[in-house]
Amino acid sequence: MVNEHKIRKLVIGAIPDCRKEKRSSRKASYVEQNAPSFCEIIFVNKGKLVFTRQATGFNSNSVVAQSPVCLPLPDSNSAFEEESLSGQLRETDLESESSRNEVIADIFKCNRLEAEAEAAETMKTKTWECAHVREIALRKEAELSHRTMIEEQDKDLKEKEEMTHKLNMTMRSIAILDTHGLETNCMYKDIAGEIRLIQTSIETLQKEKQKVQKQKDEARGRSCGKVWGVSSRELVQFSISDLQIATCHFSESFKIGVGGYGAVYKGELLDRTVAIKKLNPHYMQSQSDFLQQVQILGKLYHPHLVTLLGLCTEDWYLVYEYMPGGNLRDHLLHKSSITWKNRLQIVAQIAKGLLFLHTSNPEKIVHGNLKPENILLDSYNSCKICDFGISKLFPNQTLHCPSFRRQSVSKGAFSYTDPEFHVSGSLTTKSDIYSFGLIILQMLTGRSPEGLSREVRKAVSCRNLESILDSSAGDWSAFVARRLAGLGLSCCELNSRDRPELTPSLVRELEQLHTLEERVVPSFFLCPISQELMYDPQVAADGFTYEGEAIRGWLGSGRGTSPMTNLTLSHLDLTPNPSLRLAIQCWISNSH
């Protein structure tokens with residue numbers, strides 16, 4: 001059939017080992033051996049190529065030569081063989097058709113797989129190209145970042161070098177400044193030592209000057225027949241023309257103030273600066289009584305009382321020594337540089353002056369108008385009391401006249417007046433003690449006198465005294481502030497019997513108050529309530545001794561029990577403890 005139909009390609013089924021085991025596929029072996037050489041035979045098995053026999057070319061002679069093979073056999077077997085060959089041929093055609101279909105399917109599959117592989121390869125190529133492009137971009141970006149980082153590093157390195165240079169320069173400068181600072185500190189210490197030495201020298205010279213002035217005054221007093229506190233010299237009498245010349249006819253430019261009893265002028269008399277007080281003649285007593293009282297006042301002499309030098313009887317003038325430092329009221333009002341130590345010194349000096357007046361002979365002298373305006377200061381902030389005894393120059397009925405009180409008492413001076421005076425109409429030494437206590441509280445706080453004792457009492461009871469202290473006086477000693485507050489409040493008691501007496505021991509205590517803080521106080525000298533040194537010891541019904549101000553505050557708050565035992569007191573009366581008071585005063589006096 002191959003020769004007959006000139007079949008050049010033949011696909012036939014076979015097992016994989018058909019070439020090795022001939023009996024395994026007789027048809028495949030037969031075809032392979034007998035098929036013409038021009039026919040290419042493809043042996044397949046289950047859609048897979050097993051073997052291919054290549055064609056060797058097409059030749060007609062080979063066909064002719066082989067034709068006898070296909071000649072019919074003798075008649076006896078020809079029909080059977082022909083039928084057999086036809087069956088084999090049909091079977092071969094079927095197998096060939098099946099193999100061809102399988103081959104075609106395999107070819108399509110291979111083509112599809114090749115196309116998919118080619119597409120995958122193309123996709124892979126494109127992906128690789130994209131990745132390559134991205135890699136190039138990233139590499140360029142990385143290179144740019146690297147160059148930028150290198151540039152920044154170089155910049156930072158330069159800045160670091162510059163900073164290091166500046167730091168080295170700064171360290172050198174600091175070293176130089178430290179050296180200069182040490183030198184400056186040494187110079188400062190030297191200068192501070194010199195300043196302290198100068199200040200010490202100035203203080204020594206001031207003390208020497210005051211001592212010389214005191215000796216001078218004493219010598220002048222002795223030459224005039226003056227003894228301690230009383231001078232036998234006669235006051236100088238001036239004419240009205242002398243006073244007019246001294247004050248340029250009482251020019252307003254020479255007026256230095258208007259006191260409660262008249263105007264005051266500054267002038268030059270007796271080769272010294274003086275203060276001339278012009279009294280209101282409308283309220284004056286007779287001239288003889290006036291001269292008598294003035295002569296008494298002129299005989300008084302004390303370092304802390306303004307000295308009366310002379311008078312003029314023609315028009316009721318008094319001539320006093322001049323105090324260049326002004327009055328205490330102006331210093332407190334304008335917050336001048338008077339330290340708390342200076343204020344303590346002024347309080348002690350006021351106490352000295354008042355004690356002298358209250359113990360004078362043959363009759364005690366009551367100031368009657370003690371207030372900051374009548375406390376005058378010199379150039380060293382040492383004080384003297386003025387206007388003492390002026391009330392003696394006016395008749396009693398004049399002093400109680402409402403019109404005179406309105407004209408003679410300056411604004412705010414009513415606050416310094418003893419409350420008992422408004423009831424009894426009489427002035428006593430306890431009236432001066434009341435005014436003195438209010439001045440102490442004003443020196444302590446720098447506030448106006450109206451309601452001041454109530455404010456200080458509240459601050460003391462609340463243990464908040466430092467909140468109302470006058471800060472312009474510097475950092476107050478807590479011990480000194482508490483003691484001054486306690487003394488001031490006890491002096492401002494409404495009942496004069498509850499006010500303390502002004503004694504030499506109290507004056508010495510005020511002079512030494514700033515040195516007592518460093519001393520260890522005996523426990524039995526301390527008040528059980530306030531734990532502070534007692535100056536007015538009072539015995540309560542429980543038998544314990546307390547500071548008068550503290551126990552009065554305790555009982556005044558409505559408590560009827562003992563501060564020590566918490567038991568109910570049998571009564572609320574207090575008894576002074578003079579022996580303990582004397583012991584405390586002796587301890588204070590013996591401190592130096």
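Including glycine, each Cβ sits where the backbone N, Cα and C put it.
Listed ranges 83-110, 195-222; the one TrEMBL annotates as coiled coil is 195-222. Sequence-distant neighbours of Lys278 (ATP binding site) (same chain, 6+ residues apart, CB-CB distance under 8 A): Phe250, Gly262, Ala263, Val264, Tyr265, Asp315, Trp316, Tyr317. Mean per-residue pLDDT, taken over the coiled coil (195-222), amounts to 70.
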